[in-house]
Amino acid sequence: MERKPLELESTDHHPKPSSAVYGGPVTAVDSVEDEVQEPKVVFRGWKVMPFIIGNETFEKLGIIGTLSNLLIYLTSVFNMKSITAATIINAFSGTINFGTFIAAFLCDTYFGRYKTLTVAVIACFLGSFVILLTAAVPQLHPTPCGNASTCVSPSTGQIAFLLMGLGFLVVGAGGIRPCNLAFGADQFNPKSESGKRGIDSFFNWYFFTFTFAQILSLTLVVYIQSNVSWTIGLTIPVVLMFLACLIFFAGDKLYVKVKASGSPIAGIAQVITVAIKKRGLKPAKQPWLNLYNYYPPKYANSKLKYTDQFRFLDKAAILTPEDKLEGDGKPSDPWKLCTMQQVEEVKCIVRVLPIWFAASIYYLTITQQMTYPVFQALQSDRRLGSGGFVIPAATYVVFLMTGMTVFIVIYDRVLVPTLRRITGLDTGITLLQRIGTGIFFAFASLVVSGFVEERRRTFALTKPTLGMAPRKGEISSMSAMWLIPQLTLSGVAEAFAAIGQMEFYYKQFPENMRSFAGSIFYVGVGVSSYLGSFLIATVHRTTQNSKTGNWLAEDLNKGRLDLFYFMIAGILAVNFAYFLVMARWYRYKGSDDEVTSYETNEDIIKQQQDKSTA
């Protein structure tokens, strides 16, 4: 499937003229399109940002307000065991993140970003509303357990209704994540200086609203849910999601709506398929000159030179007598002949995959720091001051977000200028160095987590306790504030690794694959969520009859959560060593140290034309 040039939704249609091609025996063909009158596109930029950023703020408040305390909701309202609730949360998070891949495919291929977001924001509202009903309607959740030792498990119907709500949220969040950021950037003119600055500022505002929504949800909304009423606490996200829908649709007539232009996944499949079909051909002696090449009119991507890497893919662009071309030089069947440009774009993706794998393993840290510190807080001293105020357990995760937010400012305003003077790089350090630093801080956070849990458990077993946590065990006299260092280190790790990854994928993928690049970031997070669920289930099953006891027991005082943290730290240490090897092997797209690149026939033709006109 050929990816179409960038188009905007419009009622005006202009027939495209036939293309001219280079004469002579060259294999690089560049289509030249005559100028036609095209509908003028009005980029309103910041004028529509109140609608987009307003929708983003309320939508994130709604989704995070529903999901941030879901772990406690499942254990306290649905009477689930901690191990079951943690497994469901990890699987749910993984499904949302894998859903972004499907949503990006549907968005690029069929619907475009605006229509995809339309379905997604409505699905998020419905999902939040269904979750609210499970709390507000007594028949939709099991009988409250209270302090009883045995509890009534949820019925099949109650679980099915809950899963329906989570399913709506999967559709909504899976559609919003890969499309929202790009849709906002669509509103700025990428060819003007003001538009480029606007895009940069929009990215900053996007991450600000995301973090702001997380902090507000993890404090105010979680407090209301835990200490006032689950019904009231879950009504707030529903109202916010409704406001998000109203704000988003209010700007309908003002948005720039980019039409679907075809998915890059088809192009990837074509290169791999054709390379397999032609695997018996002899490699081209001078592939940078002899491989077939063609550029469609208004091709969105920058033209890539041949690189002497992954040469088994080059055979997809070998022109044989059986291959047929159309009048403008375009392959008649893209499943029998690909262009060198397509091959090089696939090489860009293949080079990124080893880095993506290491980044996926890194997210094991964040997955665990979003779940088990909540259980640690439940069995720690959460009192603040002498007034008797108790901090909700789920609120402690806000320190991860705060650490990330504060360090982003420090990194941008202090570290980058300092490192720039040392390294001479505009970014201070390379993107891979930034990701690697994040992986190191994640490793450090896990080691600290293990020692803090060892201290909490020792206090609970050797010193007077503060009572019983419902369905858990004795509450340790250790202050829950001891959890702040591990969460702060995780936030610093995110400031390095998460933002570094998003920028890395954005810059290293071909231009028309950037939506796909955004989705694989979330797919990596999803992989770590599923891997986290697998590790939890495996450790629970293998240690429950061991001499040390079940590491992940319902009562943390009887378990060995510290050993679980140290185990994941060991996995991350191996992953860090692997990342260093892959980072040393990696070559940035378009950099001076790129794997050997060569001039194509098209480059030679252009040089000759420049000389003849000089």
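Placement of Cβ uses the backbone N, Cα and C atoms for every residue, glycine included.
Not measured: the values here are computed from a predicted model.
Taken from TrEMBL, the feature compositional bias 'Basic and acidic residues' covers 1-15.
As annotated by TrEMBL, region 'Disordered' applies to 1-20.
Nonlocal intrachain contacts for the transmembrane segment (61-79), taken as residues 6+ away from its ends with a CB within less than 8 angstroms of a stretch CB, comprise 85-86, 88-89, 92, 124-125, 127-128, 131, 134-135, 141-142, 144-145, 151-154, 158, 162, 169, 172-173, 176, 213-214, 216-218, 221-222, 225-226, 230, 233-234, 236-238, 240-241, 244, 371, 374, 392-394, 397, 470-471. The transmembrane segment annotation in TrEMBL covers 61-79 (among others).
Feature annotation from TrEMBL assigns transmembrane segment to 85-107 (among others).
What TrEMBL records for 119-139 (among others) is transmembrane segment.
Marked as transmembrane segment by TrEMBL: 159-183 (among others). Residues 52, 56, 59, 63, 66-67, 78, 92, 95-100, 102-104, 107, 113-114, 116-117, 119-131, 133-134, 140, 203, 206, 255, 514-515, 518-519, 522 of the same chain lie 6 or more positions beyond the ends of the transmembrane segment (159-183) yet place their CB under 8 Å from a CB of it.
Residues annotated as transmembrane segment in TrEMBL: 203-224 (among others).
Non-local neighbours of the transmembrane segment (230-251) in the same chain are 48, 50-52, 54-55, 57-59, 61-66, 69, 73, 77, 117-118, 121-122, 124-125, 128-129, 131-132, 135-136, 217, 221-222, 224; each lies 6+ residues outside the stretch with a CB under 8 Å from one of its CB atoms. Look at TrEMBL and you will find 230-251 (among others) tagged as transmembrane segment.
For 348-366 (among others), the entry in TrEMBL reads transmembrane segment. Beyond the transmembrane segment (348-366), the same-chain residues lying 6 or more positions past its ends with a Cβ under 8 Å from any Cβ of the stretch are 268, 304, 309-310, 313, 400, 432, 435, 438-439, 442-443, 445-446, 490, 493-494, 497, 501, 504-505, 508-510, 513, 520, 524-525, 527-529, 531-532, 535, 568, 571-572, 575, 578-579, 582-583, 585-587, 589.
According to TrEMBL, the feature transmembrane segment maps to 386-411 (among others).
As annotated by TrEMBL, transmembrane segment applies to 431-452 (among others). Beyond its flanks by at least six residues, the transmembrane segment (431-452) meets 355, 358-359, 362, 365-366, 368-369, 373, 376, 482-483, 485-487, 489-490, 492-501, 503-504, 507, 562-563, 565-566, 568-569, 572-573, 575-576, 579-580, 583, 586, 588 of its own chain at Cβ-Cβ distances under 8 Å.
The annotation transmembrane segment is assigned in TrEMBL to 480-499 (among others).
TrEMBL lists 520-543 (among others) with the feature transmembrane segment. Tertiary neighbourhood of the transmembrane segment (520-543): same-chain residues 83, 86-87, 90-91, 93-98, 100-101, 177-178, 356, 359-364, 366-368, 501-502, 505, 549-552, 560, 564, 567-568, selected by CB-CB distance under 8 Å and a gap of 6+ residues from either end.
What TrEMBL records for 563-581 (among others) is transmembrane segment. Cβ atoms under 8 Å from those of the transmembrane segment (563-581) belong to residues 355, 358, 361-362, 364-365, 368, 372, 435-436, 439-440, 442-443, 446-447, 449-450, 453, 535, 539, 548, 551-552 of the same chain, restricted to positions at least 6 beyond its ends.
Taking Cβ pairs closer than 8 Å, the transmembrane segment (119-139) reaches residues 55, 59, 62-63, 66, 73, 77-78, 103, 111, 158, 161-162, 164-176, 179, 230-231, 234-235, 237-238, 241-242, 244-245, 248 in its own chain, all 6 or more past its ends.
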